[in-house]
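Have a look at the structure below, then the notes.
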Amino acid sequence: MIELEGLTKRFGTKTAVDRLSFTVRPGMVTGFLGPNGAGKSTTMRMMLDLDAPTSGTVRIDGRHYRELDEPLKYIGALLDAKALHGGRTAYHNLLCLAQSNRIPERRVGEVLDLVGLSAVARKKSKNFSMGMGQRLGIAAALLGDPRILMFDEPVNGLDPEGIHWIRNLMKHLATEGRTIFVSSHLMSEMALTADHLVVIGQGKLLADMSMADFIQRNSRSYVRLRTPQRELTRDVLASAGLTAVDAGDGALEIDGESTERIGELLAEHRVVLHELSAQRASLEEAFMQMTAGAVEYHAHDGAGPQWGADVKGA
Amino acid sequence: MTTTPYTSPIPVRRAHLGDAIASEWTKMRSLRSTLWTLGVMVVLVLGLGVLLAYAIGEASASPDAYEGGSVLTLGLLGMLLATVCVITLGVLTITSEFGTGMIRTTLTACPSRGRVLTAKAIVFFALVFVTTTLVSAFTAAAQCAVLGTTGGASAGQWIRVTVGVGLFMAFLGLLSLAVGALLRHSAGSITTMIGLVLLPYVLAIGLYTRELNDLRTALVEYSIPALLGTLYTGGPVGGMPMPSGWQPLWIIMGVTAVALAGAYTALDRRDA
Ligand SMILES: Nc1ncnc2c1ncn2[C@@H]1O[C@H](COP(=O)(O)OP(=O)(O)O)[C@@H](O)[C@H]1O
Ligand SMILES: [Mg+2]
């Protein structure tokens, strides 16, 4: 279990992490979601006592990181940047870590096996591909067989097979009762792996809830319809206690009712329909809306050519 | 989803300095740059030392020329060039960790900055001390063999050019390691250290007026090459209050201690 309390980090005048408080619980995958620059890596570095917080605390199973006897046996971490020496072989990179925490040498072979790098154990790690480097980093994290694992954007730059492998590994590690804390800037990635979700934007906590709750709260389902008889439709729906909202492209959107019920209701009043469909806003949209006020760099809306308009006009 | 937290079969004990030393030794021996820098140093000292002995042996036939142990000073030239190797290795021992990002992994494994630096310092110091002492002894013995005389060198002189020089070089390397920990940048730290070695000579040439004679002499006498030379020669015979005997060692120890104290503080205070 990791507990953060009022964790804050300022770099000069910039507040990278702003009074973050949340708890990472065992036996599940906790996703740490936020746009680029939200402060995820900085938070994780503070959890590992690499960066000193400006204020606030992090406790790992109730203790400060520096009080852990042999930290690799409590917590294993894969950081966002390469954090091993490329001039050493995979084997020696892991061996020196094992020795510093009195982890038996055979464990080095075991974790190399586990991540599928046994064949290149004696090769210098600077010649490794992105995916192999990532696997070596994960082997280092697993070295002490820790009960807490932390991965900073583990799927970045990986091929689909590698991504699949990491997802399954994280789920498997969680089912063993370990605490898994994984960051990403992609909602879709989190939706596939995380049981619990912590969302931050500009260093501030935006959401801390189970994935199921997040989906329920944030993925709005609604009915979309198009009709030449807009006024009549509005009146009919209003008499049934429903509100039709203009979608902007001439269609109407109705929350809180099924397509069946709305179709029947409008048929009774002989309304002509050109479209009637059930819609679901994506989680990605929900995430973007949540962090809209909190992204560092906005793309300039409308600065480029308006493709939609061009097609319509032609 | 399970509710029982995972427990590893690997027992947890309290790690200590010994574990950190084992780890640093693995790091040291598993990098090819260690082998290269020390290899070049051995070749330089031994090769130049033996060559020089042959050249001098050819020039003067009389063995009496080396009375008073002056035969032992023939090791100085190689050792002066070897300082570059020791400086490089000392700097790289720490800056390569910052350059590659390895320092973050090292510190998550051993969060005590003091223990990491101490372990690095001990491993590095021991390695340089043993290598330099052995290569010095071997070179001096080879030179005596080539010239066919030990020149009546005293036991004290022998110890100074082997153990004394070994300690001096190890402290010089440790000073480089401390500078590396402060600057965190390989090229910057090596340049700083080479500058420290050469600067007194540059200044001495630049300050060429009669009024500054004393300052100029002091700059040169207290420079790193001159201090190293003093260990070989025993120091100036004149009445000037310049370092002699074992004094060069106390001087470099003092400077290194100050730099190392700075390195401990910096490593503890700054983000990795
Ligand atoms: N060492 C540093 N010095 C100055 N600013 C930093 C440093 N590290 C991170 N930042 C800034 O803090 C913010 C958060 O960065 P980061 O934690 O890397 O975000 P994320 O991992 O979520 O993309 C960014 O604006 C970044 O520029
Ligand atoms: Mg990041």
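Each Cβ is built from the backbone N, Cα and C atoms, and glycine gets one as well.
Unlike curated records, TrEMBL annotations are generated automatically.
According to TrEMBL, the feature transmembrane segment maps to B:35-56, B:76-95, B:116-138, B:158-183, B:190-209, B:249-267.
Ranked by the number of CB pairs under 8 Å to the transmembrane segment (B:158-183), the listed stretches B:35-56, B:190-209, B:249-267 are led by B:249-267. The transmembrane segment (B:249-267) makes contact with the transmembrane segment (B:116-138), as judged by at least three Cβ pairs under 8 Å among residues 6 or more apart in sequence.
Tertiary neighbourhood of the transmembrane segment (B:35-56): same-chain residues 74-75, 77-79, 81-82, 85-86, 88-89, 92, 127, 131-132, 135-136, 138-140, 142-143, 146-147, selected by CB-CB distance under 8 Å and a gap of 6+ residues from either end.
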